[in-house]
Amino acid sequence: MPNKNDNKGKYSRLEKEAKKAREEKISIPNVLPAIAMRSNMVIFPNTVVPFYVGREISLMALEEAMEKTNQIVFVVNQKDPAVETPTEKDLYKVGTIVRIIQVGKLPDETFKVLVEGIARAKWIKNVGEKFFKFEIEILRTRYGKSKRLIALMRMVKEELHKYVQYSRKIPPETLMLLEDVDNPDVFADIAASLCPGNIEEKQQLLEIVHPANRLERILDILARETELLEIEQQLDQKVKERIEKSQREYYLREKLRVIRDELGGEEDIEIKELKEKIENNNYPEFVKEKARAEINRLEKMSPYAPEATVVRTYLDWILNLPWHEKTDDTDDINFAEKVLNEDHYGLDEPKRRILEYLATRKVSQKAKAPIICFVGPPGVGKTSLAKSIARAMNRKFGRMSLGGLRDEAEIRGHRRTYVGAMPGRIMQLIRKLGVKNPVILLDEIDKMGISFQGDPASALLEVLDPEQNKEFVDHYIELPYDLSEVLFVTTANVLYTIPPALRDRMEVIEISSYTDVEKFYIAKNYIIPKIESEFVEKADEIFSFKDTAIKKIINEYTLEPGVRELEREIRSVVRKATLDAIKTGKKIVISPEKVTEYLGPSKIKDEDKLEKPMIGVTTGLAWTPNGGTTLYIESTLIPGNGGLIITGQLGDVMKESVRIALSLARKIVGDEYAEKFTKNDIHVHVPEGAVPKDGPSAGVTITTALVSVVKNIPVRNDIAMTGEITLRGRVLPVGGIKEKVMAAYRKGIYHVILPKKNEVDIEKVPEVVRTKMKFTFVETIEEVLEVALNEDNSKESRKGRTRKGNSNTK
């Protein structure tokens with residue numbers, strides 16, 4: 001293949017030959033040399049454009065056209081301009097037949113070629129070897145000059161005029177090319193060459209043969225580009241106006257500042273007011289110093305500077321915090337006790353603790369406020385008790401929910417360097433309440449999380465520590481603030497999710513689930529009167545409750561530790577009773593039968609008490625978040641080889657209790673019953689298999705069931721038991737005694753076996769229940785078996801300590 005240096009002589013005469021070819025009649029051969037274009041330009045018929053030729057294959061095609069095809073060459077675009085040595089697959093199928101008008105050589109050995117587009121054509125196949133040489137087919141179409149074509153030409157011309165108004169790419173005089181053109185095909189090609197768009201869109205226009213279709217596509221492209229240019233111009237205008245406005249404001253502000261300086265430095269009204277506020281109020285000295293420093297910064301800034309807004313916001317915060325303002329605590333202990341009892345029934349321990357604090361404050365103003373944590377199941381009144389405490393103490397009340405909190409800045413605030421920085425929620429509450437000694441409830445403290453944004457539980461360590469919160473520093477405020485007079489009350493459902501360091505700073509008061517007796521009293525004296533007070537007319541003329549109806553709702557329609565569901569069910573009954581009263585015009589007395597009518601069948605499907613003593617079946621007691629419940633343990637022997645089968649969806653701890661109970665049972669029964677363990681499999685099952693169960697407190701119950709099934713002795717059905725066991729047969733204390741005793745009482749079981757060390761917990765059981773119960777306190781499993789497996793069910797145990805539940809019995 002020849003190179004550029006070899007062809008210097010040949011191309012020196014190209015310009016002369018081009019001039020000669022223009023004077024001759026155009027004749028288009030069927031086979032033409034082809035130049036592959038890799039610029040972003042598409043040559044259309046009926047247009048005159050220049051382009052550059054530099055590659056060897058293009059120079060050879062140009063030479064071929066000048067010498068053999070009467071200066072006619074086929075120009076086709078590459079699909080990818082980056083391809084240096086293209087093949088047929090790199091080219092579009094449709095190109096333009098052009099006539100060479102002029103060829104000029106450039107200093108860099110490339111040639112500038114001026115051509116005139118003659119016709120659009122598509123190549124059939126390549127017959128060249130060293131360069132592209134295509135068999136071509138000219139693309140023609142027949143059309144008449146219809147009104148539609150004339151309208152399209154007019155619309156394209158108008159749209160081009162619009163485009164030229166917004167774009168600087170096309171000189172206005174260029175549109176003169178279209179003024180005298182009445183041939184639609186020529187008009188469409190010239191318009192296409194002026195039309196904006198990328199290489200793909202231009203190639204599509206070239207491939208559209210019919211002028212009407214070509215004009216429609218040109219119209220679409222022009223309309224789109226004109227709209228975009230119009231939007232760009234509008235945006236540019238807005239930006240320009242803003243810049244001019246900003247410059248004008250800056251000029252006027254500077255001018256005003258100079259005038260003020262000349263007149264003797266007259267202070268800004270806002271700054272003057274801030275200075276007066278600092279001097280006229282009793283702020284701590286360190287607050288005044290900080291405020292003065294910030295005001296000095298503000299004076300040196302432009303009033304409209306972004307930093308000035310940050311300083312103003314900061315000054316607003318530190319000057320509006322209650323540095324000294326506080327409410328006076330009530331010194332009437334009887335009044336405080338009355339308020340607490342009005343709002344809540346029971347809850348003696350938290351009430352007593354608040355009254356103790358008030359009594360201490362009455363004689364010593366230096367008494368530190370306790371950090372109280374109420375722990376208990378949902379709905380038992382933890383949050384509402386905190387509100388009552390504030391009312392009883394004559395303090396303002398604020399609540400902050402910690403559930404799901406993961407960002408430390410929610411407690412400590414953001415540093416002022418951050419955009420949109422704000423103080424933490426503790427300081428926000430203090431400012432909102434306007435006093436430095438409110439009651440603040442930190443709700444759901446057990447449900448905080450940890451994330452990459454920090455650990456909010458660790459941030460609370462300073463807040464809830466009486467030794468540190470005297471000088472609590474919020475990241476935004478940056479000044480020490482005394483939180484020691486704030487009474488913090490926290491609530492939680494469980495303790496184990498609270499970090500030990502945080503738990504150690506709080507005085508934990510457990511609020512257990514309400515008993516049925518307490519629920520009845522609350523429903524009768526709190527819930528129903530509250531509902532009645534919401535009626536416009538006298539509620540006692542519309543409905544009334546029988547005590548038996550309230551008890552039916554408690555026992556058969558609610559199973560919860562608190563009273564939220566109980567209130568919902570009572571409200572449902574009241575709504576239906578009110579509707580009946582309005583329809584009939586008579587007062588509705590709500591009886592148990594009416595409860596069934598209004599609420600439907602019983603929602604609580606509780607298993608009945610065992611009808612008679614049974615072999616291998618014992619009644620245990622369990623604690624759940626909804627209160628206490630009875631738990632039946634079943635065991636049986638089946639032929640086998642000493643295996644153990646455990647069913648009932650038991651957790652790992654309870655499974656371990658079963659294995660301990662089995663080992664202990666084998667030890668208790670001795671060699672006399674050894675064959676029963678080796679020739680049988682033992683199956684232990686806890687009914688209600690869909691409910692997960694876990695914990696060690698069923699140890700004595702399982703052991704009793706196993707000994708019963710091996711010895712073939714029935715277990716008394718009038719006794720319930722709870723307690724953890726060891727391999728030595730010791731009975732260890734367990735939790736939830738109050739709830740478990742109440743569960744036995746509800747079931748009609750009035751004799752309960754408990755660990756000896758749980759005897760002190762009996763005092764927590766309501767006296768009305770305690771006096772009706774009999775408790776046997778045991779230290780070993782043998783004492784349990786003496787009572788539970790006594791063949792004479794009426795015979796009292798000779799071992800273990802048994803007493804009636806009178807609170808005075810010791």
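Using N, Cα and C of the backbone, Cβ positions are placed for all residues, glycine too.
According to Swiss-Prot, the domain 'Lon N-terminal' annotation covers 32-226. If you look up Swiss-Prot, you'll see GLY376, PRO377, PRO378, GLY379, VAL380, GLY381, LYS382, THR383 marked as ATP binding site. Taken from Swiss-Prot, the feature domain 'Lon proteolytic' applies to 612-791. Taken from Swiss-Prot, the feature active site covers SER697, LYS740, and the record attributes it to sequence analysis.
This view paints the features noted in Swiss-Prot onto the structure.
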{"residue": "GLY376", "record": "ATP binding site", "contacts (Cβ under 8 Å, 6+ apart)": "LYS382, ASN493, GLU510, ILE511, SER512, SER513, PRO561"}
{"residue": "GLY379", "record": "ATP binding site", "contacts (Cβ under 8 Å, 6+ apart)": "GLU560, PRO561, GLY562, VAL563, ARG564, GLU565"}
{"residue": "VAL380", "record": "ATP binding site", "contacts (Cβ under 8 Å, 6+ apart)": "ILE511, SER512, SER513, TYR514, PRO561, GLY562, VAL563"}
{"residue": "GLY381", "record": "ATP binding site", "contacts (Cβ under 8 Å, 6+ apart)": "HIS344, LEU347, ILE511, GLY562, VAL563"}
{"residue": "THR383", "record": "ATP binding site", "contacts (Cβ under 8 Å, 6+ apart)": "ARG399, LEU441, ASP443, THR491"}
{"residue": "SER697", "record": "active site", "contacts (Cβ under 8 Å, 6+ apart)": "GLY620, LEU621, ALA622, TRP623, THR722, GLY723, GLU724, VAL734, GLY735, GLY736"}
{"residue": "LYS740", "record": "active site", "contacts (Cβ under 8 Å, 6+ apart)": "LEU621, ALA622, TRP623, GLY628, ALA720, THR722, VAL752"}
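The DSSP secondary structure for PRO378 (ATP binding site) is coil. The DSSP secondary structure for SER697 (active site) is coil. In the three-state DSSP classification, LYS740 (active site) falls within a helix. All protein chains included, LYS382 (ATP binding site) registers 26 other Cβ atoms within 10 Å of its own Cβ. In this view, the densest Cβ surroundings among the binding-site residues PRO377, PRO378 belong to PRO377, judged by other Cβ atoms lying within 10 Å. Residues belonging to the domain 'Lon proteolytic' (612-791) score a mean pLDDT of 90 in the model. Close to the recorded ATP site, the chain also has PHE374, THR491, ASN493, ILE511, PRO561, GLY562: residues not among GLY376, PRO377, PRO378, GLY379, VAL380, GLY381, LYS382, THR383 whose Cβ is within 8 Å of the site's Cβ mean position.
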